[in-house]
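Have a look at the structure below before the remarks.
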Amino acid sequence: MEKIPCAIIGSGNIGTDLMIKIMRMSKHLEMGAMVGIDPKSDGLARAARLGVPVTHEGIDGLRKLPNYGDIQIVFDATSAGAHVHNNAILQKDGKKVIDLTPAAIGPFTIPAINGDANIDEPNINMVTCGGQATIPMVRAVRRATDRVIWGEIVASISSKSAGPGTRANIDEFTETTSKAIEILGGAEHGKAIIILNPAEPPLIMRDTVFTLSQGGSRESIEQSILDMVAAVQKYVPGYRLKQKVQFENIGDNAPVRIPGVGLCSGLKTTIMLEVEGAAHYLPAYAGNLDIMTSAALVSADHWAAKQLQKEAA
């Protein structure tokens, strides 16, 4: 079956995990290039061993590769700052861009929430690993209630799974995730916190989601959450609730003070998640890699399927 060649810029943890997923699991994509800036990186060495064209000269090196003209889709797994530069060049060259950094130049995309709604945009943004894991839960509460006043997420990932790109983007992570909690999650106000856990042996990715909502019943909220978990599990099998959803009534007689909002009452929902990785590159504790790369692959595969249909027509 014909496949569309793609390139990955960024040979770190996320880029390498994505490469392995494409080679093992993609229905409509094939690796055309792996791009890095460190000639000694494990990702480039692994790509070369697997027969993938490689360059350690960044995007300039990618453009020099003889098969660059055949590459239709480029995944950027570098950093928010680098993506701005890379995207400008790739758009001029007519490439479809999947952004795995928190740069958020293109529209936010979380497959379980907005599916293929942005599939034809020249650049789509995959939010962040914490956003991919938690924002579906905020959305699940929102669709079962009249309003979600506050959505707050805490993403705890193993320090070992966070490469230099992730560490350089902590501020962008919190800003982009907070914004996406509001835009995709439907919360009126969003807040995001990331924790790099240095524990040894490394701990699996854990996420906690807090919402304060009005309207809707506990039963309808819980069912909506379970349905959303099932939707995410279709492309991330290791995604699951860590324990039963917790509820707490915040009455008018004892309201909570929300920053920038004031005193509020409603139903507080606490959702605890665990994301186990598929261990394609790093071990299973790195669920943060898995949920990000799986979401990007699903979106790209759907786009590639559409392109192949157009070419066949």
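Each Cβ is built from the backbone N, Cα and C atoms, and glycine gets one as well.
If you draw a 10 Å sphere around the CB of Cys129 (active site, acyl-thioester intermediate), it holds 31 other CB atoms from the protein chains shown. As annotated by Swiss-Prot, active site, acyl-thioester intermediate applies to Cys129.
Residues or ranges marked as NAD(+) binding site in Swiss-Prot: Ser11, Gly12, Asn13, Ile14, Ser161, Ala162, Gly163, Pro164, Gly165, Thr166, Arg167, Ala168, Asn169, Asn288. Within its own chain, Arg167 (NAD(+) binding site) has Leu196 as residues 6 or more apart in sequence whose C-beta sits under 8 angstroms from its own.
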Exercise. How many whole Å apart are the CA atoms of Ser161 (NAD(+) binding site) and Cys129 (active site, acyl-thioester intermediate)?
Worked result: 11
Exercise. Between Asn169 (NAD(+) binding site) and Cys129 (active site, acyl-thioester intermediate), what C-alpha distance do you get in Å?
Worked result: 12
Seminar exercise, completed: Using a 10 Å radius on the Cβ of Gly165 (NAD(+) binding site), the other Cβ atoms enclosed count 21
Exercise. Can you name the residues of this chain that are 6 or more positions from Gly163 (NAD(+) binding site) yet have a C-beta less than 8 Å from its C-beta?
Worked result: Gly12, Asn13, Ile14
